[in-house]
Amino acid sequence: MLKAACLAGDVGAVRRVLENHLALDLSEGVDDSDGCSPLMTACLDGNLSIVQVLLSHGADPNETNAKQCNGAPLYAACLGGHASVVRALLAKGAYVDRITDRGASALYVACQKGLLETATVLVDFGANANLVDPFGMSPLYVASILGHEDVVRLLLERTSANVELADWKDGYTALAAASRDGHASVVRVLVLHGADVNCASFKKISPLFLASQNNHLEVARLLIESGADLNSADESGCSPLYAASAYGQLSVVTLLLAKGARLDATTRSGSTPLFVACQQGHLRVATALLDDGADVDRPNRSGASPLFIAANFGHLAVARLLLSRGADINQTSFAHCMTPLLASCYKGHDKMVRLLMDHGADLCRVDFRGKTPLDAAKEKGHHAVVRVLTKTTIPDILLDKVGDILLVQEPRTARLCPRCCSTNRTKDRRPP
């Protein structure tokens, strides 16, 4: 009967039941399907009057026998944001820092849900702001990651919250997490309270890197104005400019360039911001980088140039841009002795092949296996590329081999081309 009265929210009925001693067991109902005692029921509903009556009749604010909310009335009240109930429980001796079976404190829950009034009550009763969940996330961390500026301010101004506590998965601090998710107002508060703008994660990722990668322009500007290192690199050597270029974040790229980020900073593989922008097909970013003076031909450690990588992935507009800026059309990669044209032929990018041919790509260059562009297209079955190559207005190419020399028939003339492959085998051989 007591639990039924609590479920009905009838405080008068609760009093009558208790005063008439019809139910002295204040844990009544814990074996029901919902697993809730009368006190837990009232806490979940936020019924302060019933909670006060139950507590005055001896209900335990630290009971642990309920199935819901990890058996903690305080936790249940915090989930619902029932600040007055939270205060009543704490006033009757509820453990403010009790950790539930899920590894979270009441303050953690209030901060996670952005419940300022509830969090304030917990802080008033001395809640520990540095207790972390099973993943190493503190109340400050979860409030920051979810953008609860007012709660963040409360923790920093009224508790001893450690602003540099990092989670255990990535090593991100509250500032790093807020920067990644674009919460500019939270970032501002954290920085004002001394958060390290250059703190690095386990993989040496900085807050500015995270903001740049995710195109959070205002956050990036705040961090830079607060002294963030423009050229800090992660464990792979990727800078904030590289990250922004890789993800096509033009506004952040423009900001970083204006603030003096290094154009020539390379990753461990030797890739520049321009290289990765071309690899991903980000035309406007590539344009901005070139306008700022990026080296159009700078290769990575395998010798692949920006034009090579654009051709390899079939980014036609990017390739046009690079060619218009004077890119070396026949620059060869070290790894496979391959030109942009060869890469396009292997991948079957017929429009790219036509573009490169129109700009004078050498049709007779061979890769480390001695394969010409035509060989590559045939080997991979790229018939459209074969048609482009064989219908070219440049010579009737690739007739036959004489030792290591091929005779190339042109209208009215003939020239020698080293190590080209043939499309039409003929018996017209001449001595080298």
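These residue numbers are counts, starting from 1, taken along the chain as shown.
Cβ from N, Cα, C; glycine included.
Whatever TrEMBL says is automated annotation, not expert-curated.
Listed in TrEMBL for this protein:
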- 34-66: repeat 'ANK' (REPEAT)
- 69-101: repeat 'ANK' (REPEAT)
- 102-134: repeat 'ANK' (REPEAT)
- 135-158: repeat 'ANK' (REPEAT)
- 170-202: repeat 'ANK' (REPEAT)
- 203-235: repeat 'ANK' (REPEAT)
- 236-268: repeat 'ANK' (REPEAT)
- 269-301: repeat 'ANK' (REPEAT)
- 302-334: repeat 'ANK' (REPEAT)
- 336-368: repeat 'ANK' (REPEAT)
So what's near the repeat 'ANK' (302-334) in sequence-distant terms, Cβ-Cβ under 8 Å and 6+ beyond its ends?
269-270, 272, 274-275, 277-279, 281-283, 286-287, 290, 296, 340-341, 343-344, 347, 349, 351-352, 355-356, 359-362, 365
For the repeat 'ANK' (236-268), jot down how many residues DSSP puts in helix, in strand and in coil.
16 helix, 0 strand, 17 coil
Give me the DSSP three-state residue breakdown of the repeat 'ANK' (203-235), ordered helix, strand, coil.
16 helix, 0 strand, 17 coil
